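Here is what TrEMBL says about this protein:
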type	residues	note
TRANSMEM	28-53	transmembrane segment
TRANSMEM	104-121	transmembrane segment
TRANSMEM	133-152	transmembrane segment
TRANSMEM	158-175	transmembrane segment
TRANSMEM	182-199	transmembrane segment
TRANSMEM	205-222	transmembrane segment
TRANSMEM	238-259	transmembrane segment
TRANSMEM	292-311	transmembrane segment
TRANSMEM	323-344	transmembrane segment
TRANSMEM	350-368	transmembrane segment
TRANSMEM	380-400	transmembrane segment
Amino acid sequence: MNSSLELDSLAGNRGRNGVSTKRSSTRLVGIGIALALVWAAINLPAVFLSGWFPLDLPELFFMGENLEERLAWIISPYNGSGRYFPVYWLYHCLQYPLFGSRTGAYLLTQSLLFLAGTLIASRLTTSLSRSTMAGAVVFGAIYLGTSIGENLTTVGKAEPLSFVLVVCVLMLARIQMLQEALSIRRGLAIAVLFAIAMLTKETSMVLLGFAGVGAALSWMANRIEPTGRKIESETRQYLWFFGWLAAGLALAKLPYLLFPRTDVRKSYTSYEVSWGLIEENLRFYLWQHPDILFFGVLSVGTLLILWQRQLRVAATEAQAQKDLIFVSSLCALGWGYWLALLIWRWPMTYYLLLPSVAFKVCAIYALVQIRRTYGSGLAYRTAVLFTVAMLVYSAAQIYYVTASQIAYSRIYTAALHKVATLPGIDRSRLILDTYPFFAEQIGGTSRLLKTQLGVPLEVRGIGELTDPAVLNKDVMDILGIDPAAVDSNTRSLPNSGDYVLSFTGRLMGLWFLRGVAPFYNDSSLLQAQGWYDMDVVAESEIRFPAWFPHVWHHRPAVEHSSVGYKLYKVKDDKPRFFWKGRFPDGWIGPAASLVVSDRFAAPLSVKFSVPAHTLPVTLAISRNDEPFKTIEVGTPDELVINLAAADSVGDTEWKFNVSRSFVPKEMNINRDKRRLAARIALSPDPARQTTP
């Protein structure tokens, strides 16, 4: 039988139960219009309003502009990056000759590609459930998922393309399962698509788990025969499917044999899996994606109900059992993906796109079958009510994430255009005090200014000086950042005539958005803490209302969020002082230092305090590496310590070493993972002083 006819035979109930063809057509048109509006509401704001973004996009522009020179690097598995996904690079880079630096064009292409994948997932659901409405609900539910926001508002994520390839393979598998005879042509298509998916993102390997679970369930179903109907061919179909996937995997690994083995970098995948890591990842995904976990649990619970009935009651048709095996395997795929992310080295909101789709297809299929079998009882209505509630919650999160991403991209683009028009900018440096020197945003900003705006400006980052919390060990290990490089980055501190770009805003939602939120900053810390005297030469802000759970206390909040920038021109030749190892809230770890310029107004003193639970502690102070004073601290009261200036001319470096420290999270004080020892501040407040 023709596969398209088989799918259509399972597609729905049009024309049945006395419903006229005209009424059915009108209903389908209405559903289509509603789904088109959902697609437009989710995608078009980003397409028409987005600007540049310092993550991923500058590198993709560079690779696209220099594709001929970079092609050898892209197609070689030994390129030194530690990962190999040439299809990802080619997919994005080949768009550059068409779109240049127009972000909206890339987002439109991505949204149309994702639309195709969503339509296939919707058709797959219709085929399995025999309900057009179920397919429509899946379509809407996919777009109302918390993993959607970042995936569809940024350029450079592999997940959308990976999702489309995986769902195409699943649809081919579905068609294959409906056939009595094996199709070599379809099998080859499965192998090639799977190879392409693997070369887009390696997590596509979960399809092997889908095939393995399907084969196991089919085999077990053949051993249990309450219906007298066997489905021996189903096991064979899944085994063939697994075989074609294995062939695709071999095809994806072929470049490793064809290219000479040179640079094999393992820092990206070399890390320690611990219970602490699993706990942190679990906490992140529970708070960031409660809807995905809900649909995952709902799919398991509802499928168990269907399996219980399947094993106890004579089935009306063998196809129902085959469908149940397919959906159960899809559910296992989603859970395998979700659980694997718990042991990955860091969590990200956009990672969960594929399990989100899988769980929704499974849950909605199962709910349709339960309603047909048991009716709309209390349990069914409760499940539907919670499903709607989760979709509403997801819609609020999508709005917040989308608005934040668009606002940041517009502010960032406006800031770069302003920098490019500053008089004499080619004789100055641009210092970003929001990001550390090794952050991707620093190189991305420099690249956009040079290649897109024609300004070959030196861009530096000093975020690790203003806030040491950004010194993430995992990131530093992957990038090969030497601690000595951190210490020497004081040379990036601005001089007179340099410009400081500080991103400001208030994004206090709990919801995480890579490189954007949560975030709070109202001005440059260099000025707020008194390091420099600077003038604001440009600023801008975008505000929008939003509902969200607050990042500090997790309670619902309704307030205006904002994203902005302030561009400063530095007036001082060098900083009056600067800290190393002091957090913006005044805390230091076991060691910190203060470098004071000879231009800083005397006398000099610091306020010092420690929490009661760490007492007693010893504070050792040195001046220019010479012992200065040792203080035994036995009280939590604030101490004022006078610091005498050095006899030599020039800057003076004061080092503070505290004998005891603690981690608030380990002591169940709060979720703060910093190692803290004391609070310290200059006295009087240097931000209120004037430079003599």
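Numbering starts at 1 and runs along the chain as displayed.
The backbone N, Cα and C atoms fix where each Cβ goes, glycine too.
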Cβ pairs under 8 Å between the transmembrane segment (205-222) and the transmembrane segment (323-344), at least three: yes
Non-local residues, at least 6 beyond the ends, that sit with Cβ under 8 Å of the transmembrane segment (28-53): 14, 101, 103-104, 107-108, 111, 115, 132-133, 136, 139-140, 143-144, 148, 152-155, 398, 402, 405-406, 408-410, 412-414, 416, 448, 452, 515
Same-chain residues near the transmembrane segment (133-152), Cβ under 8 Å, at least 6 residues beyond its ends: 12, 31, 34-35, 38-39, 42-43, 46, 107, 110-111, 114, 118-119, 121-126, 159-160, 288-292, 349-353, 356-357, 360-361, 364-365, 368, 391, 394-395, 397-398, 400-402, 405, 511, 513-514
Sequence-remote partners of the transmembrane segment (380-400) [C-beta within less than 8 Å, at least six residues beyond its ends]: 42, 140-141, 144-146, 148-149, 290-291, 294-295, 298, 302, 363, 367, 370-371, 374, 509, 511, 546-548, 561
Paired segments the transmembrane segment (158-175) and the transmembrane segment (292-311) in contact, 3+ CB pairs under 8 A: no
Distal contacts, the transmembrane segment (292-311) - CB-CB under 8 A, six or more residues away: 145-147, 224, 226, 285-286, 320-321, 324, 327-328, 331, 334-335, 338, 352, 355-356, 359-360, 362-363, 366-367, 369-370, 373, 383, 386-387, 390
Positions whose Cβ lies under 8 angstroms from the transmembrane segment (182-199), at least six residues beyond its ends: 84-88, 162, 165-166, 168-169, 172-173, 175-176, 205, 207, 237, 240-241, 243-245, 247-249, 251-252
